[in-house]
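Participant: Have a look at this one.
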Amino acid sequence: MSPHPRPPGDEDDDDRPPPGVPASAVATGAGLGLPRVPEGYRSGFACFVGRPNAGKSTLTNALVGQKVAITSSRPQTTRHTVRGILHRPSAQLVLVDTPGLHRPRTLLGQRLNDLVLATLAEVDVVGFCLPADQAVGPGDRWIAEQLLPLAQGRRGTPLVAVVTKTDLVPRDRLAKHLVEVADLGPWADVVPVSATAGQQVDVVEDVLLGHLPEGPPMYPDGELTDEPEAVMVAELVREAALEGVRDELPHSLAVVVEEMGPRPAADGGERADGMLDVHVQLFVERDSQKGIVIGKGGSRLREVGTHARAGIEALLGVPVFLDLRVKVAKDWQRDPRKLARLGF
Ligand SMILES: Nc1nc2c(ncn2[C@@H]2O[C@H](COP(=O)(O)OP(=O)(O)OP(=O)(O)O)[C@@H](O)[C@H]2O)c(=O)[nH]1
Ligand SMILES: [Mg+2]
């Protein structure tokens with residue numbers, strides 16, 4: 001896994017305007033052979049922040065219309081910034097889903113928080129996600145405090161409070177919650193949404209798009225994410241492995257794709273079905289965890305493999321031979337060298 005996505009604004013993508021070309025030339029496509037951009041076209045970055053488990057990744061996927069970020073009921077599922085891209089006739093919105101902000105207990109936790117705070121500084125609009133089924137707590141107040149300077153700073157980044165999971169609470173409780181959230185900070189908007197019930201997702205979209213500056217698209221039409229395939233594959237395996245594990249284990253899991261390539265046919269040539277060989281390494285922090293992940297006679301690991309393979313085949317569009325191995329990397333969450341090796 002390589003959780004090193006480019007920060008917003010980092011222009012090393014071939015499809016982006018070449019450096020030194022004035023934005024106006026790009027906007028009209030003048031002399032560059034680029035497609036014409038309609039008058040008033042908007043583009044920019046929005047980032048979702050919030051406590052772990054607030055529903056940021058689920059909302060990102062709902063807005064993009066495809067799974068670009070894994071989700072789970074375990075806190076701290078997201079461990080790197082994931083970009084999902086929305087294409088509209090008059091706008092392009094790059095959504096940056098971030099790890100949940102929390103009180104860090106490990107070096108990994110600290111790194112994740114730092115990553116979120118760095119991302120915040122570079123986006124055009126921030127969506128602060130607060131779950132409707134949980135009272136506004138000290139964690140939310142702390143995040144609101146971190147956001148305040150963004151709104152007051154030179155960029156004057158608009159802050160939108162997004163009250164998630166509205167399907168979980170009755171209307172009167174939601175109304176009270178919305179008032180509490182409104183009092184928490186200088187929000188440009190407060191929007192209630194349920195990503196799983198598909199309620200108000202379009203309103204979130206409209207509100208975020210409304211805060212984007214004018215500018216040309218940054219990604220080619222139809223591109224929904226810039227996550228490398230190997231990262232998405234590793235994430236799908238981690239999502240499957242998170243299912244049904246408890247306590248500390250979700251935090252202790254890390255997944256890396258070791259190798260991915262065409263599976264040769266029996267005669268050594270190419271296979272007609274294009275099957276891929278995918279070798280994946282799962283890391284845990286202790287021997288006891290290794291046993292849990294593998295399960296009795298390998299039963300749990302087989303289930304994880306079956307589940308993950310379905311997702312990977314849907315993503316890549318070819319049959320996949322998935323090989324999963326489990327290894328112990330003792331206390332990797334607290335070890336700078338191991339963190340580096342795992343890409344953090
Ligand atoms: N009922 C309901 N559940 C939701 C909704 N949105 C998310 N969830 C659930 O909430 C849990 C957490 O969702 P995620 O999207 O993974 O949350 P997150 O904020 O990305 O979490 P981290 O990556 O850990 O920070 C999952 O079990 C989701 O299915 C919603 O609108 N309604
Ligand atoms: Mg997430």
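Glycine is no exception: its Cβ is also placed from the backbone N, Cα and C atoms.
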Participant: Looking at the candidate ranges 97-100, 153-156, 261-264, 333-336, report the one that TrEMBL labels region 'G3'.
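Facilitator: Going through 97-100, 153-156, 261-264, 333-336 one by one, TrEMBL gives region 'G3' for 97-100.
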Participant: According to TrEMBL, region 'G4' applies to one of these ranges: 72-75, 164-167. Which one is it?
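Facilitator: Matching range for region 'G4': 164-167.
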Participant: If we skip the immediate neighbours and take only residues 6+ beyond the ends of the region 'G1' (50-57), which ones have a Cβ under 8 Å from one of its Cβ atoms?
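Facilitator: Distant Cβ neighbours of the region 'G1' (50-57) are 69-71, 73-78, 82, 97-102, 128-131, 137, 139-140, 143, 162, 164-165, 195.
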Participant: Out of GLY50, ASN53, LYS56, THR98, LEU101, THR166, which binding-site residues lie by ligand 2, with a C-beta less than 6 Å from some atom of it?
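Facilitator: From GLY50, ASN53, LYS56, THR98, LEU101, THR166, counting a Cβ under 6 Å from ligand 2 as near, the near ones are LYS56.
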Participant: Is any of ASN53, LYS56, THR98, LEU101, THR166 (binding-site residues) within Cβ reach of ligand 1, i.e. under 6 A, and which?
Facilitator: ASN53, LYS56
Participant: Using DSSP, how many residues in the region 'G3' (97-100) fall into helix, strand and coil?
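Facilitator: Secondary-structure breakdown of the region 'G3' (97-100): 0 helix, 1 strand, 3 coil.
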Participant: Residues of the same chain, at least six outside the region 'G3' (97-100), with any C-beta under 8 angstroms of its C-beta?
Facilitator: 47-54, 56-57, 60, 68-69, 75-76, 78-84, 112-113, 115-116, 119
